[in-house]
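Annotated features, as they stand in TrEMBL:
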DOMAIN    52-477  domain 'Major facilitator superfamily (MFS) profile'
TRANSMEM  52-74  transmembrane segment
TRANSMEM  94-111  transmembrane segment
TRANSMEM  118-137  transmembrane segment
TRANSMEM  143-168  transmembrane segment
TRANSMEM  180-201  transmembrane segment
TRANSMEM  213-233  transmembrane segment
TRANSMEM  291-309  transmembrane segment
TRANSMEM  321-344  transmembrane segment
TRANSMEM  356-376  transmembrane segment
TRANSMEM  382-404  transmembrane segment
TRANSMEM  416-435  transmembrane segment
TRANSMEM  447-465  transmembrane segment
Amino acid sequence: MSAIIIDADKDKIAVPAEDTGFDPTRVEGYDANLEYTEEEEARVRRLIDTRFMPWILFSTFILNMDRTNISNAVSGGLPKNLGFGYNTYNNGTSMYSVLFAIAAFIGPILAKRYSPHRVIPAMVFAWGLVTLGHAFIQNETDYYIIRALIAITEGGVIPTTLVFLGSWYRKNELATRLSWFWGVQSLASAVSGLMASGLLQMEGIAGLNGWRWLFIVDGIITIIASFAFWGALPRSPFHTKEGFLSFGGWLNERQAHIGVTRVVRDDLLKLQYNIKVGWSDIWETITDYKVWGHLIITLIGLSYGTAYGKYLPIIINSFGFNVYVANALTAPNAIFGCITMITLARHSDKTGERGFYGVFANTWLLIGFLLLEFLPDNSAMGVLYFVTFVISGAPSVHPLNIAWMTENTAPIGKRTVASGLIIGFANIYGTYAAQFYQANDAPRFHVGNYIIIGFLIATILLWLNQRFLYVRLNKQRAAVWNAKSEDEKAEYNATTTQKGSDRLDFVFKP
C-alpha cells in the first residue's frame, strides 16, 4: 500500500498512482497524481468546516432538541396530565432504547445504499412529524406508541452522519469534529431547557398544556429544517454545487479534487467507500473482539447519562428551585460539558492519545457522583446544584471512543457496520439504565447513584484494558513483521487473506 510522500521542503504533497491495490474510479474526484500545498489543503479544510460542517451540526442540534424535550415535558407535568407515573416513563425510555438501537444498526446500511445526503433529510422530516404528534397524546397507550415511532425515526441518523463524515475528514481530524457534533447536542440540551422554561408557562393557552406547546414548536422547527437539509447537503466534497442552498458551490474544481484526494490519501481503504455493505462485513464486525471492547465501553460507560439526564430537571427541582428555574438551570450545565468535551477531543487529536483521556474524563465523573451521593440532604441548594454542574461538565468521551474505534477498524465495510453498532449500544443500555432511578428513591436517588458509581469504576478499567490491548497487539505484530525479510513481506502482501485491521502491518492507535 502506497504511503503519502512529503517532499524534503515539506511544501508539496504527492502520492504515486501505482500499487494502490484499489480501483480509484470508485471515488469520483480522487486524483492519484494530484499535487497540492499544505496551505491549499488547510484552505479546503477550513471551507469544509465553515460550509459543510454547520449543516451537520444543525442536524444534530435538531436531533438532540427533540430527544431531550421529553425530560422537560415530564418535569412540566406530562405524566400527571396523562394519568401515569415514573414507571411508565422509565418503561417508555427502555422501549425507546431498544428500538433506537435497532434503527441505529440499519441507518448506515441505508446510507451506503441511498447516500447520506438524502437519507438524513428524510429521517429528519419523519421524526419532525412524530415530534409534532406528541402534542396529541391522550393516554398511556398513545405515549408508548409515539415513543416507539420517535425511536424508529431518530435512531439511524447519528450512524448515518458518522459514515458521511468519514468521506469529508481525515482520521486525525475526526475526534475534534465529533466533539463538535456531540458538543452541539449539549448546546441543544441547553436551548431545549431554556425553551421549555418559557413554553411550559404557556399552560392553558388555547386549552393546551405547556408541554404540548413544547412539542408543537419543536415539531414545526424540525419539519422546516428537513427541507433545508435536502437543499444543502451535497453527496461529497466533489459535488458541492448540488442543492438549491449551495449558492453556486462551496469548493471550486481544484478544491473539490483536493477535498476528495486528501481524505483518500489518509486512508486508501476509502477508495472503496461507495461499496455496499455485505453479510461478510457484518460477520467480520461482530466476530472482532477489538470492536466489542469499544461497544462494551459504550454500554457501561454511558449508562449514567440515561438516568441522570432524564431526571436532571427533577433533581435540580428537588434542591428547592421551582420547575421553571430548574429547567433553565440545565442550560449552563450543558454548555460547560460542551466546552470540556471539545477541549479534550481536540487535545487528543493533537497528541494522538486516546485511552488515557477516557480514564481522565471518567475519573472526573466518578468524583462528581461521589459528591452527589455523599453530600448531606440538608446542604445548601447552591452547593447541590454546583455538584450537578461538575457532573454535567465532565467531558463526554463518546465521540473520542467512536473516533478511536473508527481509526482502529478496517476495512470500510466493517467500519460502517461498527459505526451502526456503537450508536446502537449507545442507546440499548437505556433498557436497564432507565431503571436506575426509581420513584421510591426520589428525589436524591441514592440507590441509583451507588449503581452509577460502580459502573463508572468499571468503565475506567475498561478504558485502561482497551489501551493496553492495542499496545500489546502493536508490539506482537511488530515483532513478527520486523522478523520477516523483504521477500517474505512481499510474499505476505501478495498471498495474505487478512484484511484491514487484521493485517500484520496494521498499526493500532492506543
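Even glycines carry a Cβ here, placed using N, Cα and C.
Within its own chain, the transmembrane segment (180-201) has Cβ neighbours under 8 Å at 53, 56-58, 60-65, 68-69, 72-73, 75-76, 161, 165, 210-211, 213-214, 217-218, 309, 313, 323-325, 327-335, 337-339, 341-342, 396, 398-399, counting only residues six or more beyond its boundaries. In the predicted model, the domain 'Major facilitator superfamily (MFS) profile' (52-477) has a mean pLDDT of 91. Contact check: the transmembrane segment (143-168) against the transmembrane segment (291-309) gives fewer than three Cβ pairs closer than 8 Å, residues 6 or more apart, which falls short of the contact criterion. Fewer than three CB pairs closer than 8 A are found between the transmembrane segment (213-233) and the transmembrane segment (356-376), and contact between the two stretches is not assigned (pairs 6 or more residues apart). Highest Cβ contact count with the transmembrane segment (416-435) among the listed stretches 52-74, 291-309, 356-376, 382-404, 447-465 falls to 291-309 (criterion: pairs under 8 Å). For the transmembrane segment (291-309), the partner stretch with the highest count of Cβ pairs under 8 angstroms, out of 118-137, 321-344, 356-376, 447-465, is 447-465. Most Cβ pairs under 8 Å to the transmembrane segment (356-376), among the stretches 118-137, 321-344, 447-465, belong to 447-465.
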